[in-house]
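The structure under discussion appears below in the form of structure tokens.
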């Protein structure tokens, strides 16, 4: 164990350059903690000439990450390129085939191909670690696989896209519309090149699928994640929710139900006084519930060079210290296939709609709800001009199926303008 | 690695019985996760005949925990007896000498003897794991040693005694005095047999000393922890603090300063809107700050059968999975000896005192502060009857040394009744 652990780092963007910097600056500390030196043998990126603010001259350079992954002087392939397919996938596969362990920050790669990659790695006796792929600097993968190994996990929740939480917080604080804050965030470079990855919930959905696999011992099934973005949220929703003691968060929730595995990523109302409700700005939070431990809440930076590099280094140190655990905490080949339980768990819902201000309009809406078996907990009509009456309804607990039936019935009403907004009220 | 991991469990109180139950109920799950069976070979407790609600007939019984620790059919000695000395210490030493790994929930044992035990264990190639000793079900030891291995830790903070946090929360919610809530908590069995372990900060101080050792790579030095209990806190302090936007918490803080290692366990004011300020009731919270990751907040149950057993099981699973890391994350023999930096980091302070209502009294107090070089940020005199004037002062940042000089000067004043209360305002 006193042999150095030799890394090949592919991808030298913000995170990659950060990892190189830390390994250079903290060589002595890492050696003390790991009981052996952690060294970089070689690196790879698209543009060799670019100044990354870190001295790379002592490392071999590979233009091709696949060649990097196959080098004899590399024990661990550190994949920080990103992208669910293309070079990241090819190089990760090559690394495993060449007998290397893998550390990756790539949630898209693992959400789409993690099942196959994990099975291949385990058949070859290699480990894949991916702490940086979920919730940035928060060691949630380690907590779930290792710290809570004595628990049946009953529910996993998380606010895992800092950009969305920033947008929702900023709308509330500044009283701006979704579009105004979206444009602002985009201009500041807070959003992915394809903003739907953020605001559509895709990025956070990738993370949820990985957490669900670990928590419930099921095969990775990103396609079963019910995705709903935050584009439907208005400042009015945020204010009405606040008035009732709630905050709106893009919340991922996964739990095992009698009908299968539920994986939802959608804007939800959570109590303003709960840890999730109190989470402002770009910070991430993951809530893990186990039958023994109760509720564990983890909070920290979900992105950025330092936090992400911290997570990558944690994985590297684990491997250096000899930790060898299957990718998802148990053999990937034996993970269960769980049916997708769409909208299985009942909940109260927040509904907002705009009615034509004419006699009987509201009666038709309440009738549609009643016929779907949904009862009303509270209702208010507010702020209305001559033409339109905004109406807000909070239902008692209902299944999403019944709610969808009611919403479908409402859509046929002339009296409703546009599409009603329906947000789940999650009990946290 | 498919050999069963064989446990000897000493101590069958709430936690011990809980661990036995979980291992029986979750045998298949644990085997799947660990890649090998986890089995109990033998148990030990003071009273063999007692009904613990769990079937022990399939395990060998040892009256003497030392004999249990030395059994050939035991790989891991699980110490759940408690107590800093006596049988817990003797049996742990015997286990290490007999070549066993150790899992313990015993903060007092480790705070007092952890340095020696860790050195002995490491010389013998054995591991000691103690997740359950700090903050109950929260995997903070794992997070600090493993998850944040790539960080220089800059500060560790924690509310780690649920009983104290319960008392302070209950005083505020019910408007009761410290003594009333103390008596209530004692009657409910919330406090240790020696309540000073809780309200005097000793128990939480044990935990802080262990966190500091890991965070800063220094030898365990519980005697250097500055301990201050919550007995001085009045409902008036809680209300005045709330009025200024603060909560009072028994807060542990450790950080490395230019003058050495600071370890403080004392009631502090923290912003009411911070995660620490929002922590009500018996829940624990640990805040870890690293140079790369920024701030990580962990929240969960700090005591109770399920949470504590969860932590013990996490350690057992780690050993079953082959994780072998030095007790404090780096070789114990090489841990640094750091001078104790008493009251090193300056902070603003909250001062409350009762003045005789006569001319010049307040002037003498402000003079004492001024002569110690302490400037006043805000001051209020309130609610006063004919005789006594309660005065509240918030200082600007000052060293505790200067503050103590000012307090000493005040003590000599006839105009002050009793001893002024001085609480640090911690920036979190």
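Using the three backbone atoms N, Cα and C, a Cβ is placed for every residue, glycine included.
DSSP classifies residue B:207 (active site, proton donor) as helix under the three-state reduction. Sequence-distant neighbours of residue B:207 (active site, proton donor): residues of the same chain at least 6 apart with a C-beta under 8 Å from its C-beta are B:107, B:111, B:133, B:134, B:135, B:158, B:160, B:252. The active site, proton donor annotation in TrEMBL covers B:207.
TrEMBL lists B:10, B:11, B:12, B:13, B:14, B:15, B:16, B:17 with the feature NADP(+) binding site. DSSP assigns residue B:12 (NADP(+) binding site) to coil in the three-state reduction, placing it in neither a helix nor a strand.
The NADPH binding site annotation in TrEMBL covers B:107. According to DSSP, residue B:107 (NADPH binding site) sits within a helical segment. Neighbour density for residue B:107 (NADPH binding site): within 10 A of its CB lie 27 other CB atoms from the protein chains shown.
Feature annotation from TrEMBL assigns L-homoserine binding site to B:192. A C-beta separation below 8 Å, combined with a sequence spacing of at least six in one chain, links residue B:192 (L-homoserine binding site) to B:163, B:198, B:203. Residue B:192 (L-homoserine binding site) carries neither a helix nor a strand DSSP state and counts as coil.
TrEMBL lists B:350-428 with the feature domain 'ACT'. Under DSSP, residues within the domain 'ACT' (B:350-428) fall into helix, strand and coil as 23 helix, 32 strand, 24 coil.
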In this predicted model, the domain 'ACT' (B:350-428) has a mean pLDDT of 90
Going by C-beta under 8 A and a gap of 6 or more residues, the same-chain neighbours of residue B:16 (NADP(+) binding site) are B:9, B:10, B:43, B:45, B:78, B:80
Same-chain, non-site residues whose Cβ lies within 8 A of the B:10, B:11, B:12, B:13, B:14, B:15, B:16, B:17 Cβ center for NADP(+) are B:9, B:18, B:19, B:20, B:45, B:52, B:80, B:81
Here the 10 Å Cβ neighbour count for residue B:14 (NADP(+) binding site) comes out at 16
Within 10 A of the CB of residue B:17 (NADP(+) binding site), the number of other CB atoms across every chain shown is 23
